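As given in TrEMBL:
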DOMAIN    A:48-444  domain 'Oligosaccharyl transferase STT3 N-terminal'
DOMAIN    A:562-619  domain 'STT3/PglB/AglB core'
TRANSMEM  A:42-62  transmembrane segment
TRANSMEM  A:109-129  transmembrane segment
TRANSMEM  A:141-161  transmembrane segment
TRANSMEM  A:167-184  transmembrane segment
TRANSMEM  A:196-222  transmembrane segment
TRANSMEM  A:228-251  transmembrane segment
TRANSMEM  A:263-282  transmembrane segment
TRANSMEM  A:294-312  transmembrane segment
TRANSMEM  A:324-350  transmembrane segment
TRANSMEM  A:387-405  transmembrane segment
TRANSMEM  A:412-428  transmembrane segment
Amino acid sequence: MGGKSEPAKSESMATTTTSPDLINSSFFSFKSLKLKTKQQELLLRISILGLVYILAFIARLFSVLRYESMIHEFDPYFNYRTTLFLTEKGFYEFWNWFDSESWYPLGRIIGGTLYPGLMVTAALIYWALRFLRFFVHIREVCVLTAPFFASNTTLVAYFFGKEIWDTGAGLVAAVLIAICPGYISRSVAGSYDNEAVAIFALLLTFYLFVKAVNTGSLAWALASAFGYFYMVSAWGGYVFIINLVPLYVLVLLITGRYSMRLYIAYNCMYILGMLLAMQIRFVGFQHVQSGEHMGAMGVFLLMQVFYFLDWVKYQLNDTKLFQTFLRITVTSAIMVGGIALGLGTASGYISPWTGRFYSLLDPTYAKDHIPIIASVSEHQPTAWSSFMFDYHILLFLFPAGLYFCFKRLSDATIFIVMYGLTSLYFAGVMVRLILVATPAVCLISAIAVSATVKNLTSLLRTKQKVSQTGSTKGAGSSKASSKVTLDQSQPFQKNGAIALLVGVFYLLSRYAIHCTWVTSEAYSSPSIVLAARGAHGNRILFDDYREAYYWLRQNTPTDAKIMSWWDYGYQITAMGNRTVIVDNNTWNNTHIATVGRAMSSNEDEAYEIMRSLDVNYVLVVFGGVTGYSSDDINKFLWMVRIGGGVYPVIKEPEYLVNGEFRVDKGASPKMLNCLMYKLCYYRFGELTTEYGKPPGYDRARGVEIGNKDIKLEHLEEAYTTSNWIVRIYRVKPPTNRL
Amino acid sequence: MVKSTTKDAQDLFHSLRSTYVATPTNLKIIDLYVCFAVFTALIQVAYMALVGSFPFNSFLSGVLSCIGTAVLAVCLRIQVNKENKEFKDLAPERAFADFVLCNLVLHLVIINFLG
């Protein structure tokens, strides 16, 4: 609601970070083009949004420019493989796909256990491009899906900001979210993961729902139901939406801000959204059977009762009769609801909260009970430094924005405050969830920035009209008009405002510099190609992973089965095209524990297990020669813990010495003889890795290894990559019995 | 005690009835539709209690289609009711068109889910 000329100034702050002298030249050109002010404003807004759209896309292209256009990390390789299958075989085959190339000998029902949104989106883009006769490879589409959807998210952020506050806040929100590192970390080019489209779907659903609550129109509620369907098809994090929206409705009911529009918006979205969500096979009937979704149903029933009572009260116009009616209805409703919930939970029909989401409420749960969830590095609690790293100035702009939201409470601002607070709580529990909090933090900070800049620039524009009380000024805030009357007594008001504005511009420019630096240094590494600085400062690339997978693809029989730790499963199936025993889906804990047991036992016991699983090749990752620290020896204790969780014969203290994990001469004998140790350090004792150190010096652990003379009886070395990072061993068939 | 509650209930009933008679006909038609839909849902739940819930997706789609259309009809009633100040500049044709569109989507999804 700012004046006609206010948005022009508030947007100049956004473009200052890119080109300061554009404004001067543009003002001249505007006058020469004879555009009216409204058209000038529209032109400025559209050009800013266009620039932000391009910026969001380009900022994510670092790794494509430095390395090549390839898929990063682990999970994206599964998504790439399924997308490839979808484009080759069609939707029916994809929806009913049973994969026998992973989790040998169990197989995996892929059609029923994935979230198809990402793959279908990429396939649609691919088919659309092919229809326009652009014959691109599906890999290019997959690599660039995430930046494309990040650009779309900035547009949605603009509209959402416009809905909550005004167009200025919308523009600032678009700029902030375009380069915010919290979002960039999971949406760089090459990071072809569910979150790439899920954050777009999340923000879109929230925007459509807030729009529905503001307008009370069934059409917007229907659109939000479709947005929710897209979110359910894209990511398991949809549980956040189905719990936040009912919580928001509950808060509105309790604070007395409810209205008919809320009823229409929530009911339409809940029923249609729930029905649409149940079409995804992976979600199935969870909306009526799982404890995580019961909140939404409870609020739905509560709303029916609440609004029915409201209608009866309106009909009766007599408080005494209404009290009687109220008493009867409320007691019966609570009794029925309580009995139903109690029966459902006690009989087990309504399943309790699953481990993944329960560990969000009780962070210590996973460490004690489910080691697989606790072992994933993304599930660790967040450190303060991560918050600063990912948010920078947004950290202190967030409380400022909360203050502004509370000053102008409306249905929309209550929603964004609740979204911000709940998502920040979860971001504190798990590092991965900083991503979910990023849109809320950007929006609320945008409100703070926009409101502050607006107030400051309205001070600058008051000129010398001291005689007027300032009520005709389009500033729209009483603070500005009161300051105008004070202008005579404080002549330095304007200078103070200019100084503060310069300060704001400085902060925002530092933010932009920080975000670009973080993207370039920390979030653009593909994880499958490693880089290091050589002795002369030149860049050395380690492409060992792909070297090993292509060796597997070209030198092993097509029905060979590969045993490795579950981290590498997706990559082996996607690039090596061979069957694996366990992969990143981690749906079967016992199978993974079996592999963990094999890795931690001595060679004879491990050979028994490998024969029972028909293993032909074993793959291990070893960082001792290059100093690569994410190798299997550093992950070994997790193998022991997970194996020990199912097979009590594996005891973790046997592998430690005085509670310490060692691989040198003082290591425990069980450690020195286990299969993982032997496979990693086979022939390593003869290798000199660093000048001045004895042979067999492990650069990742910084010690000389204990057992240098390793003999393998049941396995033989098949391939070791050029930097010894990936080592592949062949399992020998049993010797002839005598 | 019992006498006063029955008297209260009777008063309640009469009062509600007299107010309800005064509502316009189009709203009464919508109310009738809502009652019919909820009644159909209750019959389906009773049938499920009798013969068991397999296949569950068919049961769910049947019940949810009734509940869904009832809820949408209530939303239509809210938007068309002349006493609601919030919706006084919403044309009833627009409200009805939204109602038809949402019902269309609802029943398309139900047909897919019915199995």
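Quick reminder: no glycine exception, Cβ is built from N, Cα and C everywhere.
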Local confidence of the prediction over the domain 'STT3/PglB/AglB core' (A:562-619), expressed as mean pLDDT: 92
Segment proximity, the transmembrane segment (A:412-428) to the transmembrane segment (A:196-222), 3 or more C-beta pairs under 8 Å: yes
Tertiary contacts of the transmembrane segment (A:141-161), as residues 6+ beyond its ends and Cβ separation under 8 Å: 49, 52-54, 56-57, 60-61, 64, 69-71, 76, 79-80, 83, 118, 121-122, 125-126, 129, 167, 169-175, 177-178, 183-184, 186-193, 196-197, 199-200, 203-204, 206-207, 210, 439, 442-443, 446-447
Residue numbers, six or more beyond the limits of the transmembrane segment (A:42-62), whose CB comes under 8 Å of its CB atoms: 7-8, 11, 14-15, 18, 35, 146-148, 150-151, 153-155, 158, 167, 171, 174-175, 177-179, 184, 187-189, 515-516, 519-520, 524
The transmembrane segment (A:228-251) versus listed stretches A:109-129, A:167-184, A:263-282: most Cβ pairs under 8 Å: A:263-282
Counts of helix, strand and coil residues, the domain 'STT3/PglB/AglB core' (A:562-619), according to DSSP: 33 helix, 8 strand, 17 coil
Contact call for the transmembrane segment (A:109-129) and the transmembrane segment (A:263-282): at least 3 Cβ pairs under 8 Å, seq gap 6+: yes
Residues of the parent chain within Cβ reach of the transmembrane segment (A:324-350), under 8 Å, 6 or more residues beyond its termini: 289-291, 294, 298, 301, 305, 308-309, 312, 316
Long-range environment of the transmembrane segment (A:294-312) - Cβ separation under 8 angstroms, sequence gap at least 6: 242-243, 245-247, 249-250, 253, 258, 263, 266-267, 270, 274, 287-288, 322, 325-326, 329-330, 333, 337, 341, 350
Remote residues contacting the transmembrane segment (A:167-184) - C-beta distance under 8 A, at least 6 residues beyond either end: 2, 6-7, 10-11, 13-14, 45, 48-49, 52, 55-56, 59-60, 150-151, 153-155, 157-161, 199, 389-392, 394, 434-435, 437-439, 441-443, 445-447, 449-451, 453-454, 511-512, 514-516, 518-519, 522-523
